[in-house]
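Residues or ranges marked as transmembrane segment by TrEMBL: B:6-28, B:35-54, B:60-82, B:94-112, B:142-159, B:180-209, B:229-251, B:263-280.
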Amino acid sequence: MRKFTTAIILVLMASLMVVGCSSGQGGGGDTIKIGWFGPLTGPTSTDGIHSRDAAQLAIDQVNKQGGVKGKKLELVAEDDQGKPEEALKAVQKLINNDRVVALIDGAYSGPSKTVAPKVQKAKIPMVAAYVVHPDVTKGGDYVNRVIYTGPVQGKAMADYAVNDLKKKNIAVLYVDIDYGKSIYGAFKEEVQKLGSKIAIDRPFNMGDKNFSSLLTAVKAKNPDALYVVGYYNEASAIVKQAKETGLNVQFLGVDGFDSPKYLELGQQNTEGSTFTTSFYGSDPREVVQQFVKEWKAKHQSEPDMLSSQSYDAAKVIIEALKKTGPDSKALAKAINETKDLEGTSGKITFGPDHEVIKPVIFMTVHDGKFQFVKSKIYK
Amino acid sequence: MLAQQLLNGIALGFTYILIAVGLTMIYGVLKLLHFAHGVIYTVGAFSAMIGILYLNMNFIVAILFGMIIAGIAGVLVERLAYRPLRGTHPITTLISGVGIAIFVESLFQAIFTSDPRGFPATGMKVEPIHITSSISLTNSKLYIIIVGLVCLLLLYAFLKWTKMGVAIQAVSQDMRAASLMGVNVNQVVAVTFFIGSALAALAGAFVAYDFNSLFPTMGSIPGLKAFCVVVLGGLGSIPGTIIGGLILGIVESLSEGYLTGMVIDKDAIAFVILILILLLKPSGLFGKQVEKV
C-alpha cells in the first residue's frame, strides 16, 4: 500500500511538472496558438480524433507556406471526453494557460452548449465545426458555426422527398435527442406545407439495436418512404432490419449516415438510401481534392464529413488571422465577415445570425459507395 | 401485426433466457449475484468474431469456439474474483464482479476501440423467412429460438441424468451438506460457471450476427436485463427464468410496437418490472420462499 501511495505521489508530481512547463510557454513567442477541444477518449472518440487531425492538417498546410505574417501556427488540443464539465475545464485551460487566440469547437452538442457562453464572455473567437444544436451560436458575436443547423437539413430533405421523389406518405424514425428532434421538426413542417403526409413518427434511442418492433409498426402504415434521422450505428441497423421485415421503400437520411461505418454495418441493405450532408470526397474542386490527397497520405483513409467540417473551421480562423492578426475583437469581426471562402464543404459565408450559408449536398449509396446526387442552397 | 410483434418478442426473449440461465444457475450454487456476466456475453461475441476473422473458422465452429473461450473466461472470473472472497459478505463479491466487468469492458475498448464493428461475413446471410404473407422472421432469429430450445433441453438432461448435474443440484440445495457428502464443490462451481458462460456467449455471438454489430459495451444492458429476468422468475429457478425471459421479451416488443410517447424508456421496462416484482412477490414467480440471508 505504501509503495502504491508513493507511486501515485510520483505520478502526480510528474504531471504537475508537465503542466507547469506547458503553462510557462503561454502567450507571446513566435507562434500563434489556436485551441481545439473535443472527445479524444470515450465512445465518440473516433469523431474527435478525426476532427483534431483535420484541424491539424489545415494548420500544417499554412505553416508549410510560411505561416501567418511570419508567425507559425500551433494547434493545442484538449480532450473533453464527450462531457460538458470536462469541456469547460479544457476551454478554461486553453484560454488561461495556453492563451490561445481562437478556438475550434470539435465537440458535440452537450459540451458545446456549456462552453459557448463562457467563450463569449472571455471574448475569444470560436468556430464550431460539426455541432448542430441551435443554441450554440445564440450567445453573441464571438461564436460562429461552419455546419448548418438541423432544421436546414430537414427542410432540404422534405423538398427533395416531395418535389423530386414525389413521395406522398412518409414514415419517420428519429433519434430522441436534440439532433433528431430539431431536424424532424423542420422536415414535418415542410412536408405538410408541400402537401404530403407523415404516415407515422416514432423516436428511438442512441444505442438501440433491435428495431423489429418499431419497423413492424411502420410497415403496418404502408409508407412510400422511410426518413431516418439518426447516426450510422442505428441507421445501419434500421436499414438492415427493415429489409428483413420486408419493408422495401425508399430510405432517406441525414448527415449522421455519412460514415464508411454505415456501409460496413448496413452491408448491401444500404443500396439506394439517400441522405443530406455537407461534404463529398469526389467533389472535383481543387480545395477538396488537395484535402483528400493530403488526408489519405497522412492517415491512409478517406476523410469523412466531420473531418471536412473541422478542416473548414480551422480554415475560417486562419483566413481571418491572415486579414487581421491575433487581436480578438478584430479577429471575431473578420470571422463574421467571411464571405465565399472556398472550404471543403462548399463556399462558406456567414449570415448575420453567425450561421453558415452553403449548399446542402444530397448523396446516395450506389454499388456499395457514396455517390453525389445534387446540391442546393437552402436558407 | 400482433402475431408479428409476439414473434419478435419471443425471439428477443430467448436471448434474455440464454444469458439469464447462467446467472440463475450461478446464484443457485454460490448465492452470488454475478455482475460480470454481461461482459462474458461480449467475450463470446468477440471470440466468435476472432475465430472467423483470424482463425478461418466457419460459423458453427466459431460459435463453439466463442462458447469455449467465454466458458474459460467465466471459470477464470470465478477463480480470480470470487473464490478468494468466498465466505465474506455478499456485497464484497458483488463489487468484485462489478470491478471485473469494468476492467474487461475497458480492456476491450483499448484493444478493439469503442466503435461498433460488423460481424465478419460467414456465407450465412441473414434473410427473412415468410411464415404467412404478413408474418416473417429472420433466419438468424429462428436459429436463436431453435438453438435456445436445444440448449435448454440439453441442460435439463444434464442436470437430471448426469452425476455432475446431480452434484450441481446438490450444491445449490446446500453447499456444506454436499461437500460433507464428498461432492467436490470447487469443481461443481467451475462447471456451473463454464456452462452458464458458454450459454451467454452463444447469445452474444448470435445477437452480434443477427444485428451485424459488436462493440465492447454490448453486454452491459443485456446483462442487467438478465438480472431482472432472474429476479422476475425467482432466483435460482431455471423454469422461472425461461418464463421470465419470454415475458420480458414480449412486453418490450409489444410496448414498443403499440405505445407511443411512453413516459419511461423502453430499456427501463425491465427495471420497472424488477421493482414491481420486488414489491409484490420478492421471491419471484417461481422462487422458493426467501430463506435467511
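Every residue, even glycine, has its Cβ placed from backbone N, Cα and C.
In TrEMBL, annotation is done automatically, which means it is predicted and not curated.
Only sequence-distant pairs (6 or more apart) were considered; of these, at least three Cβ pairs between the transmembrane segment (B:180-209) and the transmembrane segment (B:60-82) are under 8 A, so the stretches are in contact.
The transmembrane segment (B:35-54) and the transmembrane segment (B:229-251) are not in contact, since fewer than 3 Cβ pairs between them lie under 8 Å (pairs 6 or more apart in sequence). Taking every listed stretch (B:6-28, B:94-112, B:229-251, B:263-280) in turn, the largest tally of C-beta pairs under 8 A with the transmembrane segment (B:60-82) is reached by B:94-112. Most Cβ pairs under 8 Å with the transmembrane segment (B:142-159) belong to B:6-28, among the candidate stretches B:6-28, B:94-112, B:229-251, B:263-280.
Distant neighbours of the transmembrane segment (B:94-112): 32-36, 38-39, 42-43, 46, 77, 81-82, 85, 215-217, 219-220, 223; these residues of the same chain sit at least 6 beyond its ends, with a Cβ under 8 Å from one of its Cβ atoms. Away from its own ends, the transmembrane segment (B:6-28) comes close to residues 34, 37-38, 40-41, 74, 131, 135, 137, 141-142, 144-145, 148-149, 151-152, 155, 168, 171-172, 192-193, 195-200, 202-203, 206-207, 222-223, 225-227, 229-230, 233, 235-238, 240-242, 244-254, 257 of its chain (Cβ-Cβ under 8 Å, at least six residues beyond either end).
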